[in-house]
Structures are given as C-alpha cells and as structure tokens.
Amino acid sequence: MGARASILSGGKLDEWEKIQLRPGGKKRYKMKHLIWASRELERFALDPGLLETSEGCQKIIRQLQPSLQTGSEELKSLFNTVAVLYYVHQRAGVTDTKEALDKLEEEQNKSQQKTQQAAADKGVSQNYPIVQNLQGQMVHQSLSPRTLNAWVKVIEEKAFSPEVIPMFSALSEGATPTDLNTMLNTVGGHQAAMQMLKDTINEEAAEWDRLHPVHAGPAPPGQMREPRGSDIAGTTSTLQEQIQWMTGNPPVPVGDIYKRWIILGLNKIVRMYSPVSILDIKQGPKEPFRDYVDRFFKVLRAEQASQDVKGWMTDTLLVQNANPDCKTILKALGTGATLEEMMTACQGVGGPSHKARVLAEAMSQANSAIMMQKSNFKGQRRVVKCFNCGKEGHIARNCRAPRKKGCWKCGREGHQMKDCTERQANFFRENLAFQQGEARKFPSEQTRANSPTSRELRVQRGDNPLSEAGAERRGTVPSLSFPQITLWQRPLVTIKIGGQIKEALLDTGADDTVLEDINLPGKWKPKMIGGIGGFIKVKQYDNILIEICGHKAIGTVLVGPTPVNIIGRNMLTQIGCTLNFPVSPIETVPVKLKPGMDGPKVKQWPLTEEKIKALTEICLEMEKEGKISKIGPENPYNTPVFAIKKKDSSKWRKLVDFKELNKRTQDFWEVQLGIPHPAGLKKKKSVTVLDVGDAYFSVPLDKDFKKYTAFTIPSVNNETPGIRYQYNVLPQGWKGSPAIFQCSMTKILEPFRMKNPDIVIYQYMDDLYVGSDLEIGQHRTKIEELREHLLRWGFTTPDKKHQKEPPFLWMGHELHPDKWTVQPIQLPNKDSWTVNDIQKLVGKLNWASQIYPGIKVRPLCKLLRGAKALTDIVPLTAEAELELAKNREILREPVHGVYYDPSKDLIAEIQKQGDGQWTYQIYQNPFKNLKTGKYAKVRSAHTNDVKQLTEAVQKIALESIVIWGKRSPKFKLPILKETWDTWWTDYWQATWIPEWEFVNTPPLVKLWYQLETEPIAGADTFYVDGASNRETKKGKAGYVTDKGKQKVVSLTETTNQKAELQAIYLALQDSGSEVNIVTDSQYALGIIQAQPDKSESEIVNQIIEQLIQKERVYLSWVPAHKGIGGNEQVDKLVSAGVRKILFLDGIDKAQEEHEKYHNNWRAMASDFNLPPIVAKEIVASCDKCQLKGEAMHGQVDCSPGIWQLDCTHLEGKVILVAVHVASEYIEAEVIPAETGQETAYFILKLAGRWPVKIIHTDNGSNFTSAAVKASCWWAGIQQEFGIPYNPQSQGVVESINKELKKIIGQVRDQAEHLKTAVQMAVFIHNFKRKGGIGGYSAGERIIDIISTDIQTRELQKQITKIQNFRVYYRDSRNPVWKGPAKLLWKGEGAVVIQDNSEIKIVPRRKAKIIRDYGKQMAVDDCVAGRQDED
C-alpha cells in the first residue's frame, strides 16, 4: 500500500487533493483514491506503475475507453480517476472530474481530425475509414444510413442498368466485406439477381482457395491466419479479423478483393438485364449525335472488357457505327479528336435544316457539264474493276456495296481469292440468277425447316397479291406457280431494259429504280438522290419498259454511279412482288427445364483416336446439313458423346448420352399411348409403307433450349481444344424428341388427311402405313402427293424404304393383302444360357404369342427370379426345356392372322393351360384369328382359377377397346354358368358383365369350396390367435372353443402372420365337418375369403386342403384387444412368454411411413400404437413437416427454442418480425428506427414471453450492435448470423414477411395506423389461419410444441434404471460407430437415445446397447460388453 502512495509527491499531491469529485461538490480526491485505483488496475491485469507518469496514464485511458459503454460502474470510476490523474501530471489545473473528462474528449477529437486530414491529403477515400483512435487501435466506422439509402435508390431506379456498377464502386470505396454484405442485404429482395451474384462469389471464392492453398502445420505464434475464400466473402470471418487483414503488414485487401468479385457478378447481372451488344449500337439516320453517344457509352459500361479494349471500342466503333452524315464529318476530324470536338462538330447534323444545307450546296455545285446529254454525262471510263460487285470504276477496297461471301474470283465459299485455283472471275454464277423468268434454285426444304424463319421475295401472278399469303397463314401449302427468291443471299435477278441484259438487286427498301452504265433512249432531266455513303447525281428517264422475271413494268428509271443496280418499289409494285415473312414450315415447340434446375454440365470422357475421327467426320456432315452448329466457350453446358459401330457395317454411329439432360428436362405427355396393331387394320385394296428419313433431324429445336444440348468432340492427347457443337434439331436419345416429333407429324399430316378422307394413314414415329380402296395407279399418285406434301415441310421419304409391293414389313409385322403375321422368328440353340439370353428369348416368345396360340413362358420366367447379373449362366430346368421344345414346335409352322371387318362381331375364346397360364384367340370367323394372346400374370400369392379367368377377361376387354374401339367381344369361357355367377355376384366388383357362353373345353374351371355367409347353428366355435417374438422368431398358435377346449403349440422361425394362419389350420384339423372360426387377423381373413385354390405359401395350401374336405365353414373377424371373451382368452394363452408389449414396437415402421407420406402425429399414434409424445417428436424432428418447401443447401434447424428475426419495410416504416421456426408463430411490431437499441428491447420483450434459446438474424448493423449482444448475453440467448444470399439462412422469416404483408394488405383499410394493422395481421396469422401439422393454428402449434418438449423432458427424468446403459450407433450416411449415447427408451424396432443434448430415434439394427462400465471400458477387451450386448 505504501508503495502506491508514491504515485504523486510534493505539489502534485496537493493539487490532487484540491480537485472536486463533482462540480460544486464538497468531496475531493484523497490518497485513498490512488490506492484504490492501483488495486483496481491489478484486477484488470494492468501495471499500477503506469499511474506514476502522464504517458502511463494515457496508455491506461486507451485500454479502458473501448469498454466504457458495456463496463460496470467501478470501471467508469477507475477511468475518471485516471483521467484526472493524467491532467494532474500535465499540471493542466482542472477543478473537477467533469472538466478533466471534457478536456480529454476535446483532445481526442482534435487528434482524430488531424488523422483524417492527413489521410485526405494523401488522396485516400474516407467513405468508410478504418481510423486509429487515441489508444492506437484500428476502429471501423459503420456504413451510414444515407449511403445505404443511396445504394437502394440506385437499384430501384436503375434496375441493374450499366450505371449500377460505377455507382456501387463509388459507394463501396474502402469498405470491408461486412460493409459490402450489408449493402447486398439491403437489396436482397431481387432474388434472381442475388442468386446470380451468389454463384459468382462462390466460384471466385473457390478459385481463391485453389490458388492460395492452406499451408501445412500450425501458424507461427502471433501471426494471423491467411484468409480463405469464405473469409473474404465475410461469411466465416469477423469484422475485427477483416480490419487486421486490411491494416496488417503486409496488408491483405480483403475488402477490395470481395468488391472485385461482386463487380464481376454485377457485370453478369447487367448483361442479363441489358442484353445489348456494343456492336448493335448504331446511329439512326436522323438521330442526334449526342443521343447516339449517350446510348453508346451506356452499353459500353456494361461490356465485360478491359479498359484498353473499351478504349479501342471508343476510338473505332463510335465512328464506324455513326450514320453516313456524321461519319463523314468525324473522319475529317482525324483520329486524335476528343469526344467534345466530335459532339461540337456533329451538332445539328441529321435534322431537316442540315439536309437542306447539304442539298443546296450540292445543287450550287451543279455546272453545265452535268446538264449535258448522253456520253458527256459520264466521266472518262476507268479500267479498274471491283472484285466485290463486279463493276468498273473502283476497286474492292473502296466498294460501297455489301461485302460478298466467299472468293472474289470464283464465288465459292471456303477459301479466299489469293488461294483460288480458278483462272476467270465468275462470281455471278448462272445458277444464282433467273434465266428466262424462272426462279433461281433456293435452299432445300430441309434447310428451310431447320431455320427459325424463311424470308423470301415472291413475284405474284394475278390481281390479288395477298391471297396466297393468307392461304399460307391458314395452314395450307403455298403454291409454287410463281418465282420465289429466298433472302439467305442477295435477291439478284436478270432484267431486260432497252434491249440490254442487266443484273439488278430487288430492293423493297428503295423508292426508285437506279441503274449504272446504261444508255437509254429519250430525254432525261437531272436529279440528286441520297444513296449509300452520301448524295449522287443521276439522270431521270420516264416511261421506260423493264422486263423482270417475265413480267413487264413501265416507270421512271434513274441512271447514275450507283454501286449496284437497284429495282425499287416503283417497279416491284407493278409486277405484284411482295416481301413475305412466313413462319418456319414446322413450328417449334417451346421447351423448358424443370423448375429450379440448370442444364447438364457433365465432362466428356476420353475417346479412342478412331472414334474421335469418326465423330469429327459425322459432325462436319451434320453441320453442313444445318443439324448442328458450332458454339464457343460462352456455353457452360456439356453432355458426353461417344460412337459405336453400326450392325454388320464398318461405319460408325454417333450417340449422345442425354441421361443428365433428360433428368432436368420438363416432363412431356406421351401423345401416342401405344403402337398400332395389324389386327385392327381394315382390309384395303392398295397399301404402301413409307419411312420418314432422318425423322428427328427434320424438326427444329426450340432456340432457347439449344444451348442445353451442347457436346464436345475431344482431341487425342488434348492436342487442341475440343470442338463444341449444339443441336438445331431434335436430338436422338433426348426425352422430348418422340413427343415433339409425333405432335409435329400429326399437324403436318392433318391437311392431307382432311383433303383425302378415304385414305387411311397409320402413323407411329417415322413409320407410315397408307391404305386405300383406290386402284393401284390412283393410289400411287396419292402416295406421291403425300411424299411431295411431306417434302415441302422438310421431311424426306427415301426410296430405299418405300415399300410398294407386298409383303410389307411394318412395326415388326409382315403384311399381306388379305392376312398378316409377325416377321420370321428364329429361336437360338444354345448349350448354355445367360440371363440376357433368356430375357431375349422370352421377349421373342411374347412377341410371337400375338398370333401363335399356345405359347407358354412361365417356366422360363421362373429361371430369372432373384437378383442376377446379365452374364450369369442359368441352367434350364426340365420343365423349362420341355416348354421351350413345345414353343419351337408351335413356331415351326407359320401362322397368319386376318384383317378386321367392322360389319362383324368380335368373339374371344379362352383356354386354361394349367400352372396359372391361359391362352386366348380373338376372331370374327371360325379358324381365322384376328390375333391371339396369353395371360399368366399372378397378381397375388394366393389365387384361384376363377379369379385369374376374370382377370384374363378384363385384359381382353381392354385390348378390344384399344385395338378395335369395341367395348367388349363375346366371350367363350371354360366355366359352368353357376360357378361364374356365384363368383361374379359375391366377389367381382365391376360396372358391366360381359356377354359370354359356356364352352366345354377341358380343363374346366370350378370353385373347390365355398365359405358360409352366416354362422352355422350347432357347430363348434373356435377362437384362434397366434403370436411371435421378432427377435427370437419363436411363437405360439392356438385356439379356445366355446365349450372350453383349448390347444397351444409352439412354433420356431415364424412370424405373427404365419402364426395366425397356423392357428386357423389347427382349428380346421381338430374340428368336425362343420365349424365356425373367429380370428382377429385381417391378413388371414383376407386370404381365406378370396377362396384360393393354389398358393405359394405352404401353410395356405394346407388350409386349402382342409377347407375342401369340410362340408360347411364359417369364418369371422373380431377386433383384437377389445375384451371380447374368447378372443381375449386365446390372446392371453398364446402371448404368454412371447409378446413384449412395448409401445416402441412400431416406431421404426412409423418413421419409415412418415418419411414417405409425412402423416401427422395423430395418424401415427393411431396406426402404430405410439404414445402422442413420441409421435409428436417424430413430426417435430422432421424439418420437411415444419417448413413450406426445402432449403437449397441443407435443412433449417427446427428445434423448439429457435427464432428467426428480420426487419422488413412497409409504407416507409420498419417492421421488426420474429418467427418461431418450428411453428411459424410470429411476434412483430413497428419500431421507430432500425437501431440496435430498439432491436435489443424487442428481443428482451420476446424472451420475456417465450422460451428463446437461439435467435437467427442477418448481418444488419442493428443485429450486430453491442446493445443486441448485451441483451442476448443477459437473457442467455445464443445469436447466430446467416450467410449472405444463402436461402437456408433466413428462409422462414423471409416467407413470413411476405405472408404478413399480404395479410396487412387485406386489413389495412380497417386501421388508421400501420402499427395497428400489423398487430391485427399478427393476430390473424397466429390464431385465425389453420393448417400444417395437425390442422393447428400457429398459436396452438407453438403451445403444443413447447408442451411436448416439457413432457418429453419430464418423462425422461422418470427413467432411471435404463440410464445405466450406453448406446453406440450409426446413422445412414456415415458407417462409423458413434457414441456412447445415453439410452432413454428401448423397443423391438428402435431405440430413443440422447447424444450430447440431441435426442435421436435410431433403428434397432443400427444400435449396440452395452452396460456402462465406466473407465474399465477403455482398458478391457470388451469381452463382458459383448456378452451383455442386447
């Protein structure tokens, strides 16, 4: 104590004792205050010796000041004492504590201003300064509401236009990742954009982690860890860590890095919202240059390019894409002109006044030489000739005509003029121009079908140029009687004018007809017209005759130096020429991916060199035909491609594995439910079978879906990058191709069908059956019409597959004029059969059974039972070999079917083959079958012949409706009418009874026994029951009679169901010829009441034998465990020592069913005899039953104590919302401001009403404030923060926000103030909206959840003995044994355990229960543990 008295000495101590504790107070500082201060400093781990100097006091002040806001009163007193002592050392002459504190604050403010001024002098932005306070610490200043408001306004007003990026860059200058996340959180409502941004951030973070791997071993002491990608994104790093990284030595600018990632994502978003390319920005003819510049730079900002590239775009594209008037002026300025000089020079260009000035200037320059006639008008003839347009007077470099594709010498594409081998320039080839008025050759129909639109010029004959266009729009086929010129190349035609042949361009955009280098008769007058690149002077000739494509027109012709001869509208209208934009012949079907899914991104696997070579050749050919097209790296999708050899050929076939794309593509409705059958065909005089070539490749694919079909042809040893393609047509192997093709083909055939109603066309995929009653010549004419019709739509019908003469091969059948059969079937002879061989064999026999009666396959199918590999060898049983030999014999002689006659009735005859197999024939005339078939399906393990016969009848009736459209044929059945009627009346549930007659075809079907419908008077009554233990498989079966007789037998390796059946068998054995049997087993009752005569179960077959021997049997059912006399007695009799009555017996089944159906707790408690507490716990632990929808990454924690908090905005005010995650119960209120103080007060109110364990919030400044942290600490609440833009984080409260606003909108007119409407909406949501689990309201649900939680905890406390056990367990995703966990309940099916604080239900088969041996477990060899294992 004495040592500390030396802090002040002499005059300083006297000055110390003069200072007042409070202004105007009587108490003054004493020596005891110094001694107390030194002791307090030791408590705070500070050196008391620091009090002896002013520098030491300053260090103490720096250390204590950050803790003042949350510190205790003792801490504040200590700070005040040290501050006064600091000024005593300084001899500042303070009079009281307040004066010392005011001086200290003033001094600190001056220091901070100096720091800020120094930073400003250095040119560093101070938007979000990380400044050094008086204590030398780096302190972060949070974003201001004004900055956030400016950012929100930018997004709302600009809607992700290019201006957003520079604005974001300016507002976020110097920001930390936490600041950036705060900015993004404020615009989180733009979910699509934020999802794109999140994807970009994740990709960049992963790339950062890849380029900056974690160093092995622990970090050196005192050194900060290196930031990971998630640290930079602010999700796994704290604000303090970010500040240390940004201000460290050397610094890691995590804020700038994260900002760069966000700007990359914003670029992608801007490109999506503003999809205009800089190349598309061109100045309009009359658009002011200033407006053009504004548009240009707006799009330039959105371009993802470096500054150098953007500079090049400004220098070149700005001038290049200007209109001709401005371009002339800009080129005159030179390359060094600034933007201001350009805008000044082009001011006013493009308006009417500018046009007038130019025209006047041009006219003033017209001299007498221009007005001279004929040859004087032309200048001196030049010898140079243009390779581009073929005209003399200029070279190709200066040509103003559009650039021609291909070689300038020969006109062919694929090489340049310097590489051309032709000697003579022949660009205007003869096949490109009309000759003698005929249309030039245009692209094939298939190419047009593959194009999105087919634009063409038509020269019409007739007075109504619109009639044909209208007819085409109605769906009829356009007539080809007049020339058509498609616009895939320039519409150049040959014209005749003044006896001279010229080539000219048909230009629907030109008013006048302008020709070059031609002498015309008659007088002319001078004229100036605006042309390409400026004004040209021309001679105007009137009433000139021109012949175009065989059509004559008279009108004005202008002659002058035009780059290309033009036929304008003044001539085109006279000959009826129209510009048509017909829709593509085949309308594309729009296709989308399944909601929430993206396209496939499957890597291409390696391929051999020969496969790569084959695929390259195939794709080159397909690309030429327009079926696929090359794509660049901008397409992120890929599907693997491979090649296989064609059957019996050395050629290769390309296959694309669309498995992943098929999973992601929307579902399609199958437009054709099955394949047509020849038995349903009507007999026709003439028949033709056609095949559509390249069927799928003739139908265009939706342009927006093409990108998802991308695939890559790799190179050997990665010599070059892979060649990327995407499909333009329907791909083979894609799930949508069949449905879209069938739909398209139906639409195409519809006009032909309507025009030719007497012709029958059966269409299945690319196979067409065409039948008619026309003579063969007329029929073939119609076939050619059909082929021509299909060709116009782009579908070819190759001659190779055009079948004109019988027999016709169609759909696997062979068609003759008056009969049909299946194509020849050869059954293989093998010494050994694999599973795959037998599968193919059964398939062939099933196919043959449609016309070959008597074929049986059941013995062969029995060989395939069990899980076997395709290559496993299967020995044939004697039964199977016999059936195979019989089937060979049946197939030896060919059998034919006949065609359907609509005027006659159908007859179906069924025969029993034995062993559960049936065969049938459908015919109209005896011995002339339309088709045959077989039935051998066993729908249940216990059946009888009558039941199988009725199932066969049902199958044939359905088949009749499908093939012939008839409800039912007349049946001939091998069963007595009395037997049939008995079964039909009692057991067959149907709305119709087929017409049938008895056929005495052995073996006949009969019922072997019949159960009574009423109890038998005078007969003994047997109460039967059975029980078994699931673990030991031991059980008992027995009965008790109404006369006191009883019997029990012990069973091994049994189940409850088998024991119940065994009890019935005992009763039948020990009873007389008449007996009443009562059981409580619905399973046993259902089997026996169906009156089976055969079964796969041995015990059921034994029961059937006993039933056949009885005269009369009555079987009844009573509910179990309801106190019914005889049933209760026999239940006790068989349960003794067998059943363990534990309520958790059914918990595993309940869990499995809940995982499938998500039923509520009441249903599980009822169905599985579970206590409500356990059933509710199963529901409570299922996150799918607590949330609407499912989180994209993981599941939301639905424990009873978790709440999510968020602020939402409405009518300019802030609504703070808290939602109980498990029940969706909400608390909400309008708060004055979005501050930490208001939020902390709300949290304390919430904690005072409900048990709050965890609150989950976003990273908003109010939630991260010290006030909220303090209130959470005081109330014992754990606070968790969400990951920005992760739907898992705040999904529940976000959806509740939307729901709350919706309800507020419904009641807003009933309340004057918003805060009233909010409370009304909360009441409605919590207590007036029911649904979800148990049909509860949210208020009822939260009370129920909390009550259940309390009951469960109290119930656990009562279990004492069982807690002496420990459980080791495994969960489904991890094979490692976990534990030990505490055992709470044990049942036969599952156990309830507690692992740490989490209660889990684990299936019994995944748990090991052992005694708690304490420390001995660690050293013993666990022998005793294995002995005690349950």
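Cβ from N, Cα, C; glycine included.
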Further binder of Mg(2+) 3 named by Swiss-Prot next to Asp1206, Asp1258, taken from the candidates Glu1177, Glu1234, Glu1294: Glu1294
Per Swiss-Prot, member of Asp691, Asp831, Asp837 binding Mg(2+) 1 alongside Asp766, Asp767: Asp691
Candidate ranges 7-31, 232-256, 407-431 [criterion: Swiss-Prot lists as region 'Interaction with Gp41']: 7-31
Region 'Dimerization of protease' according to Swiss-Prot, located in which of 483-487, 488-492, 638-642, 948-952: 483-487
Per Swiss-Prot record, range annotated region 'Dimerization of protease' [choices 154-166, 570-582, 856-868]: 570-582
Annotated stretch (zinc finger, per Swiss-Prot) among the listed ranges 186-203, 204-221, 384-401, 1302-1319: 384-401
Residues from the same chain, set at least six apart from the ends of the motif 'Nuclear localization signal' (26-32), whose C-beta lies under 8 A from its own: 5, 13, 16-20, 81, 84
Inter-residue C-alpha distance, Asp1258 (Mg(2+) 3 binding site) and Asp507 (active site, for protease activity) (nearest angstrom): 63
Recorded positions listed as Asp507, Asp1206, least Cβ neighbours within 10 Å: Asp507
Packing count at Asp1258 (Mg(2+) 3 binding site) (other Cβ atoms within 10 Å of its Cβ): 23
Euclidean distance between Cα atoms of Cys1182 (Zn(2+) binding site) and Asp1206 (Mg(2+) 3 binding site), Å: 24
Neighbour-count leader, CB within 10 A, binding-site residues: Cys1182, Glu1294: Glu1294
Pairwise Cα distance for Asp507 (active site, for protease activity)/Cys1182 (Zn(2+) binding site) [Å, integer]: 71
The zinc finger (384-401) [mean pLDDT, rounded to integer]: 71
Cys1182 (Zn(2+) binding site) and Glu1294 (Mg(2+) 3 binding site), Cα-Cα, nearest whole angstrom: 21
Mapped DSSP class for Cys1182 (Zn(2+) binding site), helix or strand or coil: coil
DSSP-assigned states of the region 'Interaction with Gp41' (7-31) in counts, ordered helix, strand, coil: 10 helix, 2 strand, 13 coil
